[in-house]
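Novice: Marked as active site, proton donor by TrEMBL: GLU394. Summarising the annotation, TrEMBL assigns active site, proton acceptor to GLU588. Per TrEMBL, the feature compositional bias 'Pro residues' maps to 1-11. Per TrEMBL, compositional bias 'Low complexity' is recorded for 18-46. Look at TrEMBL and you will find 48-60 tagged as compositional bias 'Basic and acidic residues'. Taken from TrEMBL, the feature domain 'BES1/BZR1 plant transcription factor N-terminal' applies to 46-196. Annotation comment: TrEMBL describes 1-63, 113-133 as region 'Disordered'.
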Amino acid sequence: MESQPQPQPQPRRPRGFAATAAAAAASVSPTGTPSGSAGASTASSGKGKREREKEKERTKLRERHRRAITSRMLAGLRQYGNFPLPARADMNDVLAALAREAGWTVEPDGTTYRHSPPPQHQQHLGAFPVRSGESPLTATSLKNCSVKATLDCQQPVVRIDDSLSPASLDSVVIAERDTRSEKYPSTSPINSVECLEADQLIQDVHSTEHDNDFTGTQYVPVYVKLSTGFINNFCQLADPDGVRQELSHMNSLNVDGVIVDCWWGIVECWNPQKYVWSGYRELFNYIREFKMKIQVVMAFHEYGRTDSADVLISLPNWILEIGKENQDIFFTDREGRRTTEFLSWGIDKERVLNGRTSVEVYFDFMRSFRTEFDDLFAEGLISAVEIGLGPSGELRYPSFSERMGWRYPGIGEFQCYDKYLQQHLQRAAKLRGHSFWARGPDNAGHYNSRPHETGFFCERGDYDSYYGRFFLHWYAQALMDHADNVLSLANLAFEETKVIVKIPAVYWWYKTSSHAAELTAGYYNPTNQDGYSPVFEVLKKHSVTVKFVCYGLQICSYENDEAFTDPEGLSWQVLNSVWDRGLKVAGENTLSCYDKEGCLRIIETAKPRNDPDRCHFSFFVYQQPSPLVQGVICLPDLDYFIKCMHAGDITGDLVP
């Protein structure tokens with residue numbers, strides 16, 4: 001009997017790594033070369049990977065915008081609605097708070113019910129009561145306005161602007177779809193925006209009923225800057241009665257202390273290392289009588305070379321005499337024009353000032369001050385010292401000097417053409433192996449150019465070329481080296497005393513790719529770089545307090561439309577970068593006047609109540625455009641502003 005052939009077992013289908021190996025073997029021809037289809041598959045796979053990476057970035061951006069929107073919603077509910085939302089609130093917390101406000105009971109497990117019908121005064125408004133700060137809405141003013149009509153009359157939703165920098169994106173409210181396309185099952189009449197304009201629905205949220213909004217927040221000391229001019233060019237107190245009057249007025253406002261500029265051009269005016277402090281001694285004695293703290297500014301810059309200034313304080317005369325023989329001690333622009341606002345950082349280590357470097361001159365001045373007023377340091381009257389590191393006391397180049405013809409919102413000019421900085425640039429280029437890079441950009445425009453008018457700062461301009469990145473890095477590094485050199489000696493001079501450094505707020509052109517005005521000022525902060533973190537790493541090394549200029553709501557439409565400004569985006573970047581490094585932050589207002597809303601915006605910046613880490617300013621400096629005794633107070637209600645900063649009740653005592 002013939003044996004029947006046995007059925008052959010089916011080959012097992014490879015899985016996992018075996019399947020991957022089998023597919024790879026199948027895609028290779030007998031000669032060992034990949035087939036055409038395999039090559040196409042590889043190209044397709046690479047393209048798909050790039051698309052996935054792009055989608056990941058888009059997802060991150062959408063999530064960032066979503067968080068920014070949520071943060072602002074929660075901040076608004078806390079500030080204007082007094083909703084007790086936790087620091088890490090989510091949408092469940094928001095819904096529960098809104099439901100409780102409407103009269104519902106919400107249990108911890110989410111069970112929601114109503115004990116009694118809504119109050120009579122709320123029936124016209126559905127489930128939304130009239131909150132303080134809003135005008136009551138009557139039935140006659142809300143005639144048959146449906147939800148659909150409400151949505152149809154809303155303004156178009158803001159979309160993402162690709163030209164915005166990453167730091168400024170969080171200050172833009174983004175919606176991912178048009179709310180008009182939403183379908184709502186209910187069309188019952190309610191309060192509609194069609195019937196009332198938005199400004200009718202939401203009245204001034206800063207009404208007097210909200211005066212106590214900041215009660216219980218952190219105490220932020222307020223210092224007022226004394227007017228320039230009380231000390232004349234001979235270091236004498238020019239107006240003792242005026243000083244007493246101004247200090248008396250400040251004392252009545254419960255300010256914590258005063259800011260006094262100690263001018264290098266006055267104290268060491270005539271001869272090197274001959275210091276005259278008599279006028280400041282008399283001024284400090286007056287301040288001591290009122291028991292106010294003093295913060296002193298080591299002012300190594302020039303003051304008053306503008307049309308609006310009524311006081312002129314130049315650099316010391318002996319410095320200007322040296323400058324007549326050697327003009328390269330001053331900052332120089334591309335056309336060879338010098339500015340005497342501040343000494344060039346190129347001479348920080350060059351002995352061209354009667355045998356001393358500029359850093360040694362600054363150190364001798366600071367040491368003389370510390371020795372002269374040792375008694376005031378010992379009793380704690382002088383609480384801090386601010387070190388002037390550039391024009392206007394700010395850590396920056398004099399890139400937008402009005403004396404040179406600059407007008408807002410010009411991009412400014414690079415200030416690196418004195419022979420000493422040029423020598424530094426030549427050494428850096430040679431070290432990099434590209435000696436021909438030892439030059440400044442020749443297509444960066446002039447003081448009043450716009451970024452798009454230049455080949456260097458325009459979109460995809462030379463600022464992002466290999467040469468551009470080298471030059472901007474060197475330019476910014478020179479700024480950081482200057483800060484490092486001066487602060488090292490300042491810490492020696494003042495030892496345990498708190499040291500302050502002022503950072504400029506260059507907010508115009510912030511929404512462009514290059515951030516041109518920041519680049520010329522010395523901050524390498526285009527959209528693809530973080531120009532502030534390296535600076536704050538240097539400042540962290542010296543444990544300084546960072547003082548930053550705060551803006552209210554006074555940025556006009558011209559600026560927003562044509563100068564691509566973003567003060568909020570800049571503040572967000574700077575403050576978060578400082579706080580992330582554990583440094584203390586202080587604030588200072590601009591000289592422009594603010595309305596009450598702008599003042600409250602500054603207070604909210606000084607101590608953000610929605611910050612889970614409870615970060616806040618260590619103090620705030622109020623600059624006055626003119627003496628307070630003249631009755632010209634920039635803030636409409638300075639007393640209210642100070643009490644909000646102090647976290648005190650408007651009608652009660654201040655919180656200690």
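Cβ atoms are placed via backbone N, Cα and C, with glycine included.
Give me the lay of the land around each of these features.
Specialist: Under a cutoff of 8 A between CB atoms, and with a sequence separation of 6+ in the same chain, the neighbours of GLU394 (active site, proton donor) are LYS502, ILE503, PRO504.
Residues within less than 8 Å, Cβ to Cβ, of GLU588 (active site, proton acceptor) and separated from it by at least 6 positions along the same chain comprise LYS502, LYS547, PHE548, VAL549, CYS550, PHE620, VAL621, TYR622, GLN623.
Beyond the compositional bias 'Basic and acidic residues' (48-60), no same-chain residue lying 6 or more positions past its ends has a Cβ under 8 Å from any Cβ of the stretch.
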Novice: Count the residues of the compositional bias 'Basic and acidic residues' (48-60) that DSSP assigns to helix (H, G, I), to strand (E, B) and to coil, and report the three numbers in that order.
Specialist: 13 helix, 0 strand, 0 coil
